[in-house]
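Pulled from Swiss-Prot:
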type	residues	note
BINDING	Glu409, Glu416	Mg(2+) 1 binding site
BINDING	Glu416	Mg(2+) 2 binding site
Amino acid sequence: MSTEHMEELNDQQIVRREKMAALREQGIDPFGKRFERTANSQELKDKYANLDKEQLHDKNETATIAGRLITKRGKGKVGFAHLQDREGQIQIYVRKDAVGEENYEIFKKADLGDFLGVEGEVMRTDMGELSIKATHITHLSKALRPLPEKFHGLTDVETIYRKRYLDLISNRESFERFVTRSKIISEIRRYLDQKGFLEVETPVLHNEAGGAAARPFITHHNAQNIDMVLRIATELHLKRLIVGGMERVYEIGRIFRNEGMDATHNPEFTSIEVYQAYADFQDIMDLTEGIIQHAAKSVKGDGPVNYQGTEIKINEPFKRVHMVDAIREITGVDFWQDMTLEEAKAIAAEKKVPVEKHYTEVGHIINAFFEEFVEETLIQPTFVYGHPVAVSPLAKKNPEDQRFTDRFELFIMTKEYGNAFTELNDPIDQLSRFEAQAKAKELGDDEATGIDYDYIEALEYGMPPTGGLGIGIDRLCMLLTDTTTIRDVLLFPTMK
């Protein structure tokens, strides 16, 4: 170790390195080797929950545990400590006369943050706390940095997000939140697998951004000397698989959008997209409701979900309303009536709804009214369907009113949780929609996409009537963990 580096270390770090060297001198690897446990902390608590101090003493049972040393007290020949493993904490009771002088020194010199293995007798203290009375201590790994002060609840937000490992060590609530996230995703998989869906993987690098309205990240493939984009959706590749005959497919994966960051947006996030042949958007509404209710029940049990003090009736049938009806109910404006673009713009001006340069159809105005007046009112789970064709380039037109599509979005607590539709499988109509998107892009719409001719070719081979769905996994995890910022459900959120 260089002198320069030593000078950068604080006193505690220097002492810990000295202890590391001392372990080596004793023939002990400071960073340990394989260690076999017989139980974790929770398994022991569950197994012996109904046994008191005397009953445990009479059973004379032993266990071998391992974990991070997070508390330590005592002096002389007796010490108490807590080890933390994935499931929680358990106390250890160490006596010099039980483990021997040399072994006791390992415990005595261990620092908070070190990993220890402990063999011993399962017991209860006079206070009733389940503990392991050590018969042997094994040093497993040396922590060369001390845990943060007040590590029982790390509170510095920057540290929490930049050094998630410290947050996981320090905040059990945070640790459990990410365990819950994992369970939510596992249960969604289980639900779809049981319904005959195949989980598939599609490319992250695309030649052309598509499947959503979003600005992509652009990268360059050196070997082929071509620009590529990180995917903004998995949609178009998954629908190619429907063309190929897979019939029921889904993908859970990372999506990348080169856009702003706020409480519900991160440049990379996790979504699930699901496609089902021979289905329409009504079938997908039922599927969406089932997915979300199953996920909620798996982590919250039966009944409603409490989110930031509001009771969300996620266990009841979700409300369903047409976008035009929702706008009319709140504003009195009736977009069922036929009108020109100029008439729609005049109504927008009267209601002080901003009109962007790329609003070239009445449908753009309708969507702007919805975003301005309706979204903020949608607290309970609500399917809003019937989006205008102008803002739904991949959705099938409604056969009864071709200004609108067989599309829906799911809203909960004013936020969009899912987007779905009866998929457009007419390649000629799809090409004209792509061309309209390309024109909007030229007019300054950063979220409009170009034309994916390969996808058009795939459709020309024939795609069966299909329903498709996308759900933002992170927002769903926020809802089911009562979290207000997406950074609290992403292990490693994007930071400046």
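Here, residue 1 is simply the first one shown, and the rest follow in order.
A Cβ is built for glycine as well, from the same backbone N, Cα and C atoms used for every other residue.
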Cβ packing number for Glu416 (Mg(2+) 1 binding site), 10 Å threshold: 17
Neighbour tally for Glu409 (Mg(2+) 1 binding site), based on other Cβ positions within 10 Å of its Cβ: 20
Three-class DSSP secondary structure - Glu409 (Mg(2+) 1 binding site): strand
